[in-house]
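K.L.:
So Swiss-Prot says this about it:
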- 450: SUMO2 cross-link (CROSSLNK)
- 355-370: region 'RPL10a-binding domain (RBD)' (REGION)
- 267-270: motif 'Shuffled ATG8-binding motif 1' (MOTIF)
- 292-295: motif 'Shuffled ATG8-binding motif 2' (MOTIF)
- 310-313: motif 'Shuffled ATG8-binding motif 3' (MOTIF)
C-alpha cells in the first residue's frame with residue numbers, strides 16, 4: 001500500500017483537460033461557468049481599496065483562482081471594520097470576492113481553468129513567442145549579410161566609376177565638363193603626336209621605300225602616302241591633304257554649340273513653315289468670306305497655281321534647299337566642315353594613318369627578325385645590289401624604330417583617345433558617356449542607402465527581440481507556477497501521490 005502511494009501520476013499536458021473531465025474532477029460545461037466568473041471579476045475589480053499588492057495582482061496578468069484567494073486575504077485586513085459578531089462581513093467588496101471564490105470551487109472550475117491556461121501557454125503562447133524571437137534573429141543575420149553585400153557592392157561600383165574615369169582621363173567631379181575640356185585639348189594632343197611622327201618616321205619610311213623599290217620595283221609615291229605627307233607637312237588639315245594647297249581660312253566646327261545650333265535651325269525652319277501655311281490659310285479664308293478684298297491678293301489669284309498659299313509653300317521649300325546646299329559648300333581656299341579638321345581628327349584619314357603605321361611596324365618587326373638570324377650566302381648576294389640605307393641597317397636600329405611605331409600606335413589607339421574621337425564625331429556621345437559613368441555612381445549611392453536601410457532594419461529586429469525576450473521569460477515563469485499549482489492540487493485529490501505533467505518542455 002505504501003508503494004502504491006509513491007507511484008507517480010503522469011499526465012500528458014495536451015490531454016490534461018480530457019483527463020480532468022474523464023475522471024469527473026470538473027464538469028463538461030465549465031466554459032460557460034468560467035465566462036460568468038470572468039464577468040464578476042471584471043465588475044469586482046472596479047471597486048478595490050488602495051493597496052500596492054492588490055494593484056500589482058490586478059495589473060497585466062490573468063487573474064485566476066489563487067489570485068482571488070490572495071485578494072480575499074488582503075481584503076480581510078482592509079475590511080476588518082465591517083465584520084460582525086457572527087464572523088461575517090457586511091462589505092460588498094468581501095461579498096463579491098467570496099461569491100467569485102465559491103463559483104470557482106463549484107465543480108472544481110478553478111482547476112480546469114488553470115489547466116486550460118497551462119495548455120494554451122504550452123501549445124500556443126510560448127511557441128509563438130519563441131518563433132517570433134527566432135524570426136528576429138534570422139532577420140538580423142539576413143540584414144547583416146545584405147549590409148555586407150551592399151557595402152561591398154557600393155565600394156565596387158565606386159571603384160568601377162573612378163577606374164572608368166581614370167580610363168577617360170578625368171577625375172569624375174564634373175564628368176561632362178571634364179570630357180568637353182579634354183575634347184578641346186584633343187587638337188593640341190594630336191598636334192604633338194603629329195610632330196612626334198614627323199620627327200621620328202623619316203628613316204623608317206625611307207627604309208620601307210627603299211625595300212619596296214628594291215624588291216618590288218614599285219614607285220615610291222605608292223608607298224605610305226599618308227605617312228609621307230605627315231612626315232613632310234605634319235598634322236595638317238584634311239583640306240590640304242585633299243587639295244594639296246594650304247587653306248587661307250579654317251572654320252573649325254564648335255563642339256558644344258553644334259547640338260544647340262541644329263536645334264535652333266530646326267525650330268527656325270519650323271516657324272517659317274508655320275508662317276507660310278498660316279498666310280496661305282488666311283488668304284483662303286479671305287477668298288471665301290463674302291468676296292471681301294483684303295488688298296493683298298485678288299480673289300481670282302487663289303485659283304492660280306502660281307499664287308496665294310501654294311506659291312508660298314513652293315518658295316519655302318526652294319529656300320530650304322538653297323540654305324542646305326549653301327551649308328555644304330565653301331568658297332575657294334576656305335576649309336569648312338570635315339575639311340577643317342586635321343588628319344588625325346578626321347576618322348577616315350586617321351584610320352588610313354593608323355593602317356600605314358601598322359603596315360610599317362609589321363615590316364620593320366619582320367626585318368628585325370631577319371637581321372637577328374644568321375645570313376646565308378643567298379641573302380648576302382641579294383643585298384649586295386641593295387641601296388646603302390638597307391645595307392647599313394642593324395638589328396638595334398630596326399628594333400628602335402619598331403618601338404617608336406608601337407608607341408605612336410598605342411597613343412592613337414588608347415581607350416581615352418577612342419572615346420574622345422567618338423565625342424568629336426558625335427557630340428551626343430558625351431551625354432551617353434556621362435550617363436554611363438553617372439549610372440555607376442548612382443548605383444553606388446543607392447547601395448550605400450540600402451546599406452543604411454539594412455542597418456536600420458537590423459536595429460529594429462534587435463529591438464523587437466529585446467522586447468519579446470522579457471515577455472517570454474515572464475510567460476515561462478507564470479507557466480511553471482501554473483504547472484506547480486495544478487500538480488499540487490491534483491496530488492491532494494490522490495492522497496499526496498506525486499503528479500507529473502508531461503510534455504511541457506519548460
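For all residues, glycine too, the Cβ spot is worked out from N, Cα and C.
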K.L.:
For a three-state summary based on DSSP, what are the helix, strand and coil counts in the region 'RPL10a-binding domain (RBD)' (355-370)?
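P.N.:
Tallied per class, the region 'RPL10a-binding domain (RBD)' (355-370) gives 16 helix, 0 strand, 0 coil.
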K.L.:
Should residue 450 (SUMO2 cross-link) be counted as helix, strand, or coil on the basis of DSSP?
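P.N.:
For residue 450 (SUMO2 cross-link) - judged by DSSP and reduced to three states - the answer is helix.
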K.L.:
If you average the pLDDT over the motif 'Shuffled ATG8-binding motif 2' (292-295), what number do you get?
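P.N.:
Mean per-residue confidence for the motif 'Shuffled ATG8-binding motif 2' (292-295): 42 out of 100.
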K.L.:
Just to confirm: which same-chain residues, 6+ apart in sequence, have a Cβ under 8 Å from the Cβ of the residue listed as 'SUMO2 cross-link'?
P.N.:
146, 150
